[in-house]
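Participant: The signal peptide annotation in Swiss-Prot covers 1-18, and the record cites similarity to another entry as its basis. What Swiss-Prot records for C21-C69, C35-C84, C38-C122, C46-C100, C50-C102, C105-C112 is disulfide bond, and it gives similarity to another entry as the kind of evidence. If you look up Swiss-Prot, you'll see N25, N42 marked as N-linked glycosylation site, on the strength of similarity to another entry.
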Amino acid sequence: MKSIQFCFFFCCWKAICCNGCELTNITITVEREECRFCISVNTTWCAGYCYTRDLVYRDPARPNIQKTCTFKELVYETVRVPGCAHHADSLYTYPVATECQCGKCDSDSTDCTVRGLGPSYCSFSEIKE
């Protein structure tokens with residue numbers, strides 16, 4: 001019986017601790033309207049699970065904040081989009097997460113919804129790797 005309890009608690013600990021908020025590699029599609037096509041760029045972003053709860057009874061003294069896996073530190077990198085017209089700005093700057101945390105999503109700098117276009121969305125039909 002003790003071994004079953006140990007296995008249960010170990011699995012719970014593993015699920016909580018090891019699937020936390022951490023850096024992950026992603027590929028995003030970047031585009032410049034003047035260039036008329038997209039390129040794929042590898043970067044890092046935050047993904048994982050954060051402990052959160054939704055209270056049954058609302059308490060005005062304790063605001064209900066849903067925690068999400070989001071960046072703590074960012075740097076920005078710049079890539080040149082090939083094929084742009086000579087007069088067009090061909091540089092594209094994108095964020096790269098360097099540290100993650102479980103916290104409130106900042107809607108001023110982040111798309112906090114599930115309705116975003118997604119990292120592989122391209123307005124144009126041609127994507128260059």
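From the backbone N, Cα and C atoms, a Cβ is placed for every residue, glycine too.
How buried are the listed features, and what sits near them?
Facilitator: When secondary structure is read from DSSP and collapsed to three states, C21 (disulfide bond) falls in the coil class.
All protein chains included, N25 (N-linked glycosylation site) registers 9 other Cβ atoms within 10 Å of its own Cβ.
In the three-state DSSP assignment, the secondary structure recorded for C35 (disulfide bond) is coil.
C122 (disulfide bond) carries neither a helix nor a strand DSSP state and counts as coil. Around the Cβ of C122 (disulfide bond), the number of neighbouring Cβ atoms within 10 Å comes to 15.
N42 (N-linked glycosylation site) falls within a strand when secondary structure is assigned with DSSP.
Long-range Cβ contacts of C46 (disulfide bond) within its own chain (separation 6+, distance under 8 Å): C21, E22, L23, T24, C69, T70, F71, A97, C100, Q101.
Secondary structure at C102 (disulfide bond), as computed by DSSP, is strand. Summarising the environment of C102 (disulfide bond), the number of other Cβ atoms within 10 Å of its Cβ, over all protein chains shown, is 17.
According to DSSP, C112 (disulfide bond) sits in a coil region rather than a helix or strand.
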Participant: In three-state terms from DSSP, label C84 (disulfide bond) for me.
Facilitator: coil
Participant: Just jot down the residues in the same chain as C50 (disulfide bond), at least 6 apart in sequence, with C-beta under 8 A of its C-beta; none if empty.
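Facilitator: Sequence-distant Cβ neighbours: G20, C21, K67, T68, C69, C102.
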